[in-house]
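Copied over from TrEMBL:
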BINDING   Asp85, Thr86, Pro87, Gly88, His89, Asn139, Lys140, Leu141, Asp142  GTP binding site
DOMAIN    8-277  domain 'Tr-type G'
Amino acid sequence: MNITQEIAKRKTFGIIAHPDAGKTTLTEKMLLFGGAIKTAGAVKSNKIDTATKSDWMEIEKQRGISVATSVMGFEYKGQKINLLDTPGHQDFAEDTYRTLTAVDSVIMVIDCVKGVEIQTEKLMEVCRMRKTPVICFINKLDREGQDPYDLLDEVEQKLNIQVRPLSWPISMGKSFKGVYNLYDRQLNLFTPSQRKVSDDRITIEDLNSGQLDEMIGKNLADQLREDVDLIEGVYPDFDPADYLEGKVAPVFFGSAVNNFGVKEMLDTFIQIAPGPKSRLTEEREVKPEEDKFSGFIFKIHANMDPKHRNRIAFLRICSGRFERNKPYNHVKGPKALRFSNVTSFMAQDKEIIEEAFPGDIVGLYDTGNLKIGDSITDGEDLQFKGIPSFSPEIFREVVNKDAMKTKQLEKGLQQLMEEGVAQLFTFEIGSRKVVGTVGQLQFEVIQFRLKNEYNATADFVPMNLFKACWIKSRDKKKLDEFVRSKQRHIARDKDGKLVFMAESKAWLQMVQENFPDIEFHYTSEL
Ligand code: GDP
């Protein structure tokens, strides 16, 4: 097969949801359809269970699970689909943001009882920023949820995107009868079953025929006719181009645990979802069908075994054919790299592969050479864009508790930061080190891992900081002047970029007013 054919076969998407909406369940059903797994229960949730959050063994176990389940490949109707799971827990939001840089589209799961939840809103913001096409799956229709019209309004308002229902539920909860597919005018009647692998659909040529009344009863049949009329009247015809531009999100209703409505969504997904897209680098746009290989690292995971400091780096292939054992340019790195241990993630099995294509995600065994955001190419110096750091929410100063283990602490901190567990800022004055995270949980993970893997002990002393702002200015002199006058508040991030550490919102505003030539950004990609 040539490279264009390989590209045409691939679809790479992320699955996002507020915890408990049914992401793991939906993932599992999709893998069942793809034949990638045989039994229900094979996919493990990557959830960090808040009830066990102080149980270290549990966190370690879950870290293991999240590696195993974070990328899953499967084949469906001749297409190769790569599914990227994202942690729903808000403390790991940054990990999710970075994962979203490696996908071409997104499936979003919403619980019909709870509606749009806070984490979903944040994730959608990231999708909107990147104009990522989104399909919505409204889940748990076997429960008494909110009215479907209200749910659609809520999605439009809270997620700030137009919706277009492509299926419509017939009642819900105890009286849930099924969904009507507005796209191909088929009716799918609900039979609760966790084992079902196919939906039995009935084609309805004419919604006004008596056949419908016989199947779901006159009342529900009338209601469905009314709903379909209303929807066709209110919503313009679905145009896949609007979806591809991230303007309209098609919506499906179903029940993941009963494997209901999933196949409909998957069938539409493979028809309309985008294949591997072109990507921007600092230098130029890179097209997938280019001859030469290029890709970037968006996630790094440490091995569980503290004695071997091996890591798995997740590489998204953006162009060309990636080959095992071929020397590649590690852009900005000190030397060329050659990867002999390259794994694919086909559902449960990890296997060594010889080659991979645009859209694919491969795991590279790494002994400490790679960082998140690194680009790897077949020669050219390209730096992929769009893998920014966001300002953390919580800041703590690192205090070494064991002077004999300073080196270990530094090494441990550096490696954990390269994995993207948290961000490190070093103040220009006095070299004080500050770790910033989105959630409390990371500090516990860091402290535990420093001790466990590096034998270093550190305290994390709370600091009163509001945000880390990456700064720049057109006028180099003005920037130098600013840095000099605010020296006590200037730090460098892991890449040596200048950061202004703002103590409060009000103070930041004042500083911004006083220094109009300086730009302040909450993300590292300016
Ligand atoms: P995640 O946190 O988004 O991965 O959610 P899970 O897939 O782990 O699901 C959370 C809970 O919701 C589990 O107890 C599932 O069995 C349940 N669940 C998932 N889908 C459905 C559904 O369609 N109906 C009902 N009633 N429960 C569901």
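Every residue gets a Cβ built from N, Cα and C, even glycine.
Looking only at the binding-site residues His89, Lys140, the densest Cβ neighbourhood within 10 Å occurs at Lys140.
Of all Cβ atoms in the protein chains displayed, 19 besides its own lie within 10 Å of the Cβ of Asp142 (GTP binding site). Ligand 1 lies within reach of Lys140, Asp142 from the binding-site residues His89, Lys140, Asp142, judged by a C-beta closer than 6 angstroms to any of its atoms.
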